[in-house]
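As recorded in TrEMBL:
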- 1-46: region 'Disordered' (REGION)
- 1-29: compositional bias 'Basic and acidic residues' (COMPBIAS)
- 114-136: transmembrane segment (TRANSMEM)
- 156-183: transmembrane segment (TRANSMEM)
- 189-207: transmembrane segment (TRANSMEM)
- 219-236: transmembrane segment (TRANSMEM)
- 308-329: transmembrane segment (TRANSMEM)
- 350-368: transmembrane segment (TRANSMEM)
- 374-392: transmembrane segment (TRANSMEM)
- 399-417: transmembrane segment (TRANSMEM)
- 467-488: transmembrane segment (TRANSMEM)
- 494-515: transmembrane segment (TRANSMEM)
Amino acid sequence: MNSPNRGEESPKEEPDRDKDAAEESESKRLLPSQSPSPSSDDENEVAFESREKVVIVDLETPESILNVDYVPPFSWKKLWLFTGPGFLMSIAFLDPGNLEGDLQAGAIAGYSLLWLLMWATVMGLLIQLLSARVGVATGRHLAELCREEYPTWARLVLWFMAELALIGADIQEVIGSAIAIQILSNGALPLWAGVLITASDCFVFLFLENYGVRKLEAVFAVLIATMALAFAWMFGDTKPNGKELLIGILVPRLGSKTIRQAVGVVGCVIMPHNVFLHSALVQSRDIDPKKRGRVQEALNYYTIESSVALLVSFMINLFVTTVFAKGFYGTKQANNIGLVNAGQYLEEKYGGGLFPILYIWGIGLLAAGQSSTITGTYAGQFIMGGFLNLRLKKWLRALITRSFAIVPTIVVALVFNTSEASLDILNEWLNVLQSIQIPFALIPLLTLVSKEHVMGVFRIGPTLEKLAWTVAALVIVINGYLLLDFFVSEVKGLLFGLFICIWTAAYIAFIVYLISRGGALPSTWFSIELSKRFSANGT
């Protein structure tokens, strides 16, 4: 019997071929549209080039290679390879703005808001995991997806709002670094000089990036460890009350005099630019998006890594809050303490010692400021490139992004360096600016992560969708309260009041547009409610 020719197929091979074709067709149907192929990289902006990605080493059997649903078993080595993006993301929970919120919450509310700090961190973790999910499952980051999802005018408004949020956060971070430099130089370097020194981190960032993603992540690990060590040292020096600390974490308490601090604790956790950033950072690992099992594996490891990173950030925030709760709660200085004078108050309260607490505070603040400004530069590149699809050299894009924040910051440093009170007022305005931008990151994220044509099988289910929207609504309402409280106390004059009213109407209209355009709110809420009403009428 003659063997079949090379061009012919045996009858046995035909069912196998049909089975493979069916599996491939089903995989394409269930998986979201993926990132562009390497050939189209010249036309589309990408978070990381293929050569820049960390390769996930794996030993596979032939069966597991062919199975798109195969999830490899847990490996500590793999967890180490996936570790990095979550810690870069966690920097936003530790920036100078958050530290100021911590110290004010501790000084004014004592230990009573520690439970809120914990649950706010949990809410932040949920939002960041959804951001990571979008990045891993689609192979594109949130800014890129917004570019495709929304019409040009809406996309440009979202980009403008994201840039405003980034500039506001960057001003706080750079000012925080400049204050730390002023402390560590014994006042020899003025605030504007500290701003210029901090501006140079753009070039440090570019230098580090040339050595690969893992080297950059290692530098951030050192900065986070520096913060943890500095603030843990302060925590040990001040010896907070352990019983009150435990009660503060486990027992929810909220007094009428601490509402503003409570709002500040929650408002500082969700940073708009960080939502965009995390969806891009997770793409630094080389994951085949066509294999559902590998995508699920990456999501599992990123969940573990992000949870550990935010646990570390919670502990650092806890240290800062409890140090100021122990030292200043119930004192006359409590209502006057801020980022500028915190070190001075600590020095007066606890003295010098072997290593003066003022310098420990300065070191921790400098690590927080420097790390957050570098991640701000990173986020700015992704936001600009994603929304506008700009193919620029990294040094040029980093320089443009940095200039957006540094130029206003130098102006701010020169104008507001007249007194501590003026910097505190500036910080309040910047917090308001951040609060305004939150819906323009959360609503697109929750809209996209629940769409099957975007996420495929990795779209979130109805229960998680409801939970995510509840958290988002809670954060937006809390920040809305902060805005209302601020404008009622600060807005004076008919003309300015009229402007604020017009602006508020446009702001709310755009939020309504974002929600309605994508069918963003979970439809199950309405369907369940309608079914209840119909059943009630029927009976």
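From the backbone N, Cα and C atoms, a Cβ is placed for every residue, glycine too.
Heads up, TrEMBL stuff is auto-annotated, nobody curated it.
Remember, predicted model here, so these are calculated numbers, not experimental data.
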Worksheet item: Looking only at residues six or more beyond either end of the transmembrane segment (219-236), which have a C-beta under 8 A from one in the stretch?
Response: 87-88, 90-91, 94, 208, 312, 315-316, 319-320, 322-323, 346, 355, 357, 360-361, 363-364, 367-368, 370-371, 374-375
Worksheet item: If you count Cβ pairs under 8 Å, which stretch among 189-207, 308-329, 350-368, 374-392, 467-488 touches the transmembrane segment (156-183) the most?
Response: 189-207
Discussion item. If we skip the immediate neighbours and take only residues 6+ beyond the ends of the transmembrane segment (467-488), which ones have a Cβ under 8 Å from one of its Cβ atoms?
Written reply: 123, 126-127, 130, 260, 263-264, 266-267, 269-270, 428, 431-432, 435-436, 438-439, 442-443, 446, 449, 460, 500, 520-522
Response to the item:
Maximum Cβ pairs under 8 Å to the transmembrane segment (374-392) among 114-136, 189-207, 308-329, 350-368 is reached by 189-207
